[in-house]
Structures are given as structure tokens and as C-alpha cells.
Amino acid sequence: MANIPFFTLNDGTKIPSLGMGCFMGGPGGGERVYQMCSEALKCGYRHFDTAAGYANEEEVGRAIRDSGIPRSEIYVTTKLGSRDHHRVKEAFEESLKKLDVSYIDLYLMHWPLAAVDGKVVGPEEHPTYTETWKEMEKLLQTGKVKTLGVSNFSIKTLEHLLPHCEIIPATNQVELHPCLPQAELKAYCEAKNILLTGYSPLGQGTFLIENTTIKALAEKISTSPAQIVISWAVKRGTITIPKSENKERMLANITLVSLSAEDMAVLDALHQQPNMHKSLLTYHSKEEPLGVFGWTYEQLGWNMGLGGVVA
Ligand SMILES: NC(=O)c1ccc[n+]([C@@H]2O[C@H](COP(=O)([O-])OP(=O)(O)OC[C@H]3O[C@@H](n4cnc5c(N)ncnc54)[C@H](OP(=O)(O)O)[C@@H]3O)[C@@H](O)[C@H]2O)c1
């Protein structure tokens, strides 16, 4: 069985620090998702990260049920989509029904931005993320969700949200890897008792795992570049959710390796190399106004410019 440490969240619950990401590069994935999650469970994965927007909650839930592994031994995260901020209760019930796993461990607001009738609304328009969060807080009373969190929040949006919270988000899930170590956000969240979860820990492609510095570290300790990056994330105290459909890579990703303080320092400094401090995702708008999914970087509170390069 994989030796993955658990982290304790601000509500006292425990979460495996490494989970299987279930985004298949676009909505859906059908049987591929079922096969991936079934195989992952056999490999020792006990934490799955899906979302209403991934349109594959049914397959994730079915793989969990079919595994025969007790529900209590598996951690399930799903997310409220931007289109559902005005109907939180209904959207939550739909996710629960699709997953069909009796309860959800962690429910995240996927993005601070909402879309009403297919149109993205601005930060001051209804439903604001604060209004949405207040509705999410009510879900705890159902007993069908244990923990609440957010995703894609910045220091700026958290500063707006936190004064209104009865429940402080347990985690903030953001893009996080050596090119985007999110050091300031990490320090801020730690001070507020919010744990960071890193999405796209492998950069959603080959840029990181082909990086010469990471490859050299991997060769030095006879491991793979992906394991270097994943182990760095966990050793830093962040939850990480790499996605893989390939059994060998799944097994590698869940096998953490020991990194020395010097190795950690090399990885911590990677983004300081020229042109390396940046997002590795493709969701950034290519023209003005620059941003993601209809909010500008300023509205999101993301310190970025064209292509997601950190300003
Ligand atoms: N909250 C959000 O807004 C948000 C946004 C993006 C992602 N996420 C979450 O984060 C999860 C992970 O991020 P991601 O799926 O974007 O990207 P990722 O995990 O960084 O990268 C996945 C890619 O890396 C490949 N890969 C996996 N293990 C590898 C290894 N050991 N060596 C070489 N290549 C490897 C995978 O291919 P194979 O499958 O063929 O191995 C896949 O192409 C998602 O699945 C989702 O759950 C959340």
C-alpha cells in the first residue's frame, strides 16, 4: 500500500496529501475515467478529485463503489461549477446523486466567478462569491458533506471573502508546481489556517518533466522527474493531485521519494530562472482583456500578464 501522509485540515478532518486528478483534458471521459479510478484504487490511491464541470462524477463514484473498499477509506472531492452559483443546494444534490457515494468529503467552489444564463458576471454582480459561499456553508447542516473549500482564489479574493465566513475554507485549490510555487499565497493561507492544494502539479504537459534541472535531480536520486515534482509538493506541505491514466505512471506518482534540503532549495528556486515564473495552463485569454474565463487577472487577483507569465 502506498505510503502517503495525511494532512489535517482546519476542521480537524484528515486528507491524503496525494490524490488522483480526474480532469481528462475536457468534459467527460466516460469509461476511461472508470478504468483510471479503478486502476488507481488498486494502486493504492485513496483520494479522488473531480468536479461537476468534469462531467464524470458518475464514473468516479461507480469505480469507488465497485472497488469494494469501505467508503470511509476513500476521500472524495468535487466542485460547484460557475454556472451553479445561484443554485448551490440543487447543484450539490446533483453531484451527490451522480457520485452516489453517500457523502462528499470536500466540496469546493471551483472558481470565484459565476456565470448566469451562460454569461459571466463581474465580481460585484450577483451571485457574488461571498453569497455563494454563504449558501455553501448551509450544506454542512445536511451532514452529506464534511468539509468546504475554494479553488482559484487569490490573496485579494480571500481578503474579500474571509471576513464574511462563518466557516473558513479548509483548502484553496490552485495551480501549483515549481514554475508557479505560489509562495506568497501559501504563506497567506498558512496564516489563515487554509491548506493549499496544487492542481496540474505536472504542469499538464511535458514542460516540467523535460526541464533539465528537474531531470538532473531525478537522475541523481534514480527516480523520475514526475516523482521529484510530486514529492516536492508534499514535502512543502501542499496537497497534490496528479492525473494519470497509465498504470506505471500512476504507481510512480504515488511513490514519494526523499528530497534533501538542497534538492528542495533547487526546486524552490527554479521559477527564478529566466522566463520560468509562469502558469503552464492554456486557459489564459490570448488578447485583451487578459484573464481567465471572463475575469481579468486584476479581478481574480492574479499577478499575471500575457499567457499567464507572473508579472
Ligand atoms: N481547480 C481547478 O480549476 C483545476 C484546474 C486544473 C486541474 N485541476 C485538478 O488537478 C488535476 C491534475 O491536473 P491536470 O490533470 O491538469 O494535469 P497534471 O496532473 O499536471 O498532468 C497530467 C498529464 O501528465 C501526464 N502524466 C501523469 N503522470 C506522469 C508521469 N509520471 N510522467 C509523465 N507524464 C505524466 C498525464 O498523462 P497520462 O494520463 O497519460 O499519464 C497527463 O497528460 C486534474 O485532473 C484536476 O483534478 C483542477
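Glycine is no exception: its Cβ is also placed from the backbone N, Cα and C atoms.
Remember, TrEMBL labels are computer predictions, not curated facts.
Listed in TrEMBL:
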type	residues	note
DOMAIN	31-270	domain 'NADP-dependent oxidoreductase'
ACT_SITE	Tyr54	active site, proton donor
SITE	Lys79	site 'Lowers pKa of active site Tyr'
BINDING	His110	substrate binding site
The residue listed as 'substrate binding site' and Lys79 (site 'Lowers pKa of active site Tyr'), distance between Cα atoms, whole Å: 5
Euclidean distance between Cα atoms of the residue listed as 'active site, proton donor' and His110 (substrate binding site), Å: 11
Most crowded position, judged by CB atoms within 10 A, among Lys79, His110 as recorded positions: Lys79
Protein Cβ atoms within 10 Å of Tyr54 (active site, proton donor), excluding its own: 24
Conformational class of Lys79 (site 'Lowers pKa of active site Tyr') under the three-state DSSP mapping: strand
Arithmetic mean of per-residue pLDDT over the domain 'NADP-dependent oxidoreductase' (31-270): 98
